[in-house]
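Annotated [4Fe-4S] cluster binding site per TrEMBL: A:Cys642, A:Cys648, A:Cys682, A:Cys686, in sequence order. Residues annotated as siroheme binding site in TrEMBL: A:Cys686. Taken from TrEMBL, the feature domain 'FAD/NAD(P)-binding' applies to A:5-291. Per TrEMBL, domain 'NADH-rubredoxin oxidoreductase C-terminal' is recorded for A:327-393. The domain 'BFD-like [2Fe-2S]-binding' feature in TrEMBL is assigned to A:427-473. Under the heading domain 'Nitrite/Sulfite reductase ferredoxin-like', TrEMBL lists A:563-624. Per TrEMBL, domain 'Nitrite/sulphite reductase 4Fe-4S' is recorded for A:633-770.
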Amino acid sequence: MGKRKLVVIGNGMAGARAVEEVLARGGADMFDITMFGDEPYGNYNRILLSNVLNGSQYPADIVMNPLDWYRDNGITLHAGSPVTDIDRAAKTVRSAAGVHVSYDHLMIATGSRAFIPPVEGMTGADGQLRHGVYAFRTLDDCDGIIAKAKESRQAAVIGGGLLGLEAARGLINHGCKVHVIHIGKHLMEQQLDGPAGAMLRSAMEAMGVEVHLHKSTTAVLGDERGITGLAFKDGTTVECDLIVVSAGIRPNAEIGMRCGLTVERAIVVDDHMRSIDDPDVYVVGECAQHRGRVYGLVAPLWDQAKVLAEHITGRNRQAAYHGSKLATKLKVMGVEVAAMGITEPTEERDEVVQFTEPKRGTYKKLIVRDGRLVGGILMGDISKAAYLMQAFDRDTPLPEERLSLLFDIGAPAEKVTLEEMPGEAQVCNCNGVTKAAIGACVAGGARNASAVMKATRGGMGCGSCKGLINELVDFFCGGEAEEDPSIHYYVPGVPLSTTDLIDAIVANDLRSVSSVFKVLAGGKEDPSSKPGLANLLSTVWKGEYEDERDARFINDRMHGNIQKDGTFSVVPEMPGGVCTPDELKRIADVAVKYKIPLVKLTGGQRIDLVGVPRDDLPGVWKELGMPAGHAWGKSYRTCKSCIGTDHCRFGLGDSMALATKIERRFRGIDSPGKLKLATAGCPRNCSEAYVKDIGAVAIGDDKWEIYIGGAAGAHIRKGDLLCVVGSHDEALQVMGRFMQYYRETAKWKERTYSYVERVGLAKIKSIVIDDSEGIGDRLDKSIQQSIDAYRDPWLEGQQPATPNQFTSLVPAEG
Amino acid sequence: MAQDISSIDVSWIEVGKVADIPPAGARVVKSSQGDIAVFRTADDAVFAVRDRCPHAGGPLSQGIVHDARVTCPLHNWVIDLASGAATGPDEGCAGTYPVRVEDGVILLGLKLPAAAA
């Protein structure tokens, strides 16, 4: 059977995503795909237009499907060529440029356009927006706004919804005075209630945006030389020479109407995302109306695209979309907001739980119905957002004590201000450095935190007080602490970021730590930077570099963790915490024979033989006959596991098997910081997978949630959900890809918990999951090469890397 | 223990060849006075320091050697190999031993047993 013809009208986020989902289900073998788009570009991330406007990203950064993607997937793309007609009887479509193609299946993903209110003077004679007036919907709109903003003094944004406020933020960065004109009673009515809207307004006004509420715009003022202002129904005016219209969106559903499909607010679809009139016409995204609802956010669109793909490819003809619950998390003008569901109680039994602290801009309001969350607004402090959004989405019962919905009860008391802190208060507990000592150091001339840490040793122990030291240095410098440029480097001794450093190492073919210093640091060898560089060389060159042992920290020379008496600990590999009785016996025999002073279980579900002198290491390793557990360095450490499915009555996934596969695959892989992993067979999380650098949690149906950036050491943080995968193999692939990206972009000793926060989950997701930069294959390949180059370091016990590696010089008697 | 060891009469004993120690490395000599760390720097200078960091007794011989200094592996104190003294903000001294090299052989000066009490 030949391939069927799939024609897609619309090349935005919905159309492109739906095609991606189709391709992911083997669609390339089933369909010849043709796509039509209005805009002359590949698909880009419309949500990020606000970043383009405020200058934090370039247009190229937000492209999700570059033109190559279409070519590589055999898709014929007609970009900049809107479809004008659909002939359902003949099953053909025709574009404005005269392209005429037939289809077996049609997908309409025309999205929506900005709603332009009928206001006098808004459009010119040709019906187009006049010069100086812009919608905020496309890259071209953005270009126009940016160009105009350069010469503009005062800008007005019509519309105080989410998008309008994003536009206002962007305009401020271009140096304009900005007005927000809103017809409603308060800002962001879709997501916020009155009090929250009022608080947002004061936050925005504090940043210099003037907010005008209850204003119905009646005219754009000005003449052919340009616009000069806006007039309102109440007789008032505002001066401006640039106008951005963000007064809502309208679905592009006309094309459906013209070809006889049922259109209400948008094209009406069934649960398979097909038009209710024609089984060969699918509709997805903002132009689709499902069960009476039209969605304007991106999350429902992902769900719709999946259902559509399952259905059209025949993978699952029963796949059905049941509608989405809307929850959003965003940052408006620096104010963090999370909103879900309804904004006001609608039934008598609805229970409202709220907290307001206007001075700090904190507002929390939840609407509970029958013990379940049906609406919520968090502003200022959104630390509970992840939990609440999950409870909202999954409809889970809430704890009786409603207070715990708003706050983490039992958390440490609010810390005292820097000013209130007494001089003798100890800031660094590892090295006993007080607030006064830091003050004295600044008084003595230190102008940045790095200089203070070097001079006082504060922050050089476990490092958990570094943030506080930074704040204190800034405090003592009167808010004018200098930034130490080295905080952006991979290691302080080489002035390059991780990616730049890797590029320079490859470009100059540098294969030893000393040559890196020679070429990239003017020959100055910084001892504290050596171990980091040795580690990075291994990441870049796999096995193919000059291993200068003196650059390694002792743990990496002896393949064990040095103890305070100079002996070492020996931890053999034990994936998922599982070993055989035979291995257990050998461990016991070795401990007896070598008189090992302490045998202890580690936190990573292994057995630690503590107190082995250097000279005994080769013998101990050999007689154990088990591979190294890598319990010493900056590398993959271990993967804990719970019992999983074989024996546990709650288990949803085989966590032990997954942990074993993970350990066998990633053992010993070098990385900028330790990587501690865990797999949990169900969300009860017995193995603590939520607080690991990488954790996998089974949720049933062979599905695993993959979390990254968790920590439960000096710093405690729950990991962020990276994605949900459908098999062990997929889990291994995603983990490997994330690890490699981390290896190539993190700073030395930067653990995933701070790395994920610095880089941002959205960016990591786009690279690791969506492959937005097209580097996924290369990352996969690179981690595979590192895996292939792995050699058990304990084999050095039999073939030492340097003479006398494991012996003293001479046992002299003096 | 901060006595000036070098001023006391010493006996010179051979402790091996310079080539036995990797550059920017160290090995340990076990003596009745405790472990002594013998260092070889990247430019082949040789030093002998008591193998106990003045901070918490860490084995200096296991540290990273840079120029004529070593960083203790336990808490990163930096000890000057010529004087045995801690550098930077830290205070303390590990104590040094006289050492010389003849024909590539390292000679370590130890106190005479009679003076050792």
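Counting starts with 1 at the first residue shown.
Including glycine, each Cβ sits where the backbone N, Cα and C put it.
On the 0 to 100 pLDDT scale, the domain 'Nitrite/Sulfite reductase ferredoxin-like' (A:563-624) averages 94 in the predicted structure. Highlighted in sequence order, A:Ile643, A:Gly644, A:Phe650, A:Gly651, A:Ser655, A:Ala680, A:Gly681, A:Arg684, A:Asn685, A:Ser687 have their Cβ within 8 Å of the centre of the Cβ atoms of A:Cys642, A:Cys648, A:Cys682, A:Cys686, the residues recorded for [4Fe-4S] cluster, and are not part of that set. Summarising the environment of A:Cys648 ([4Fe-4S] cluster binding site), the number of other Cβ atoms within 10 Å of its Cβ, over all protein chains shown, is 16. Of all Cβ atoms in the protein chains displayed, 18 besides its own lie within 10 Å of the Cβ of A:Cys686 ([4Fe-4S] cluster binding site).
In three-state terms derived from DSSP, A:Cys648 ([4Fe-4S] cluster binding site) belongs to neither a helical nor a strand segment and is classed as coil. Residue environment of A:Cys682 ([4Fe-4S] cluster binding site) contains 19 other Cβ atoms, counted within 10 Å of its Cβ in all protein chains. Per DSSP, the secondary structure of the domain 'Nitrite/Sulfite reductase ferredoxin-like' (A:563-624) breaks down as 27 helix, 14 strand, 21 coil. Across the domain 'Nitrite/sulphite reductase 4Fe-4S' (A:633-770), DSSP helix (H, G, I), strand (E, B) and coil residues number 49 helix, 37 strand, 52 coil.
In the domain 'NADH-rubredoxin oxidoreductase C-terminal' (A:327-393), helix, strand and coil residues by DSSP number 12 helix, 36 strand, 19 coil. Each residue in the domain 'BFD-like [2Fe-2S]-binding' (A:427-473) gets a DSSP state, and the totals come to 25 helix, 4 strand, 18 coil.
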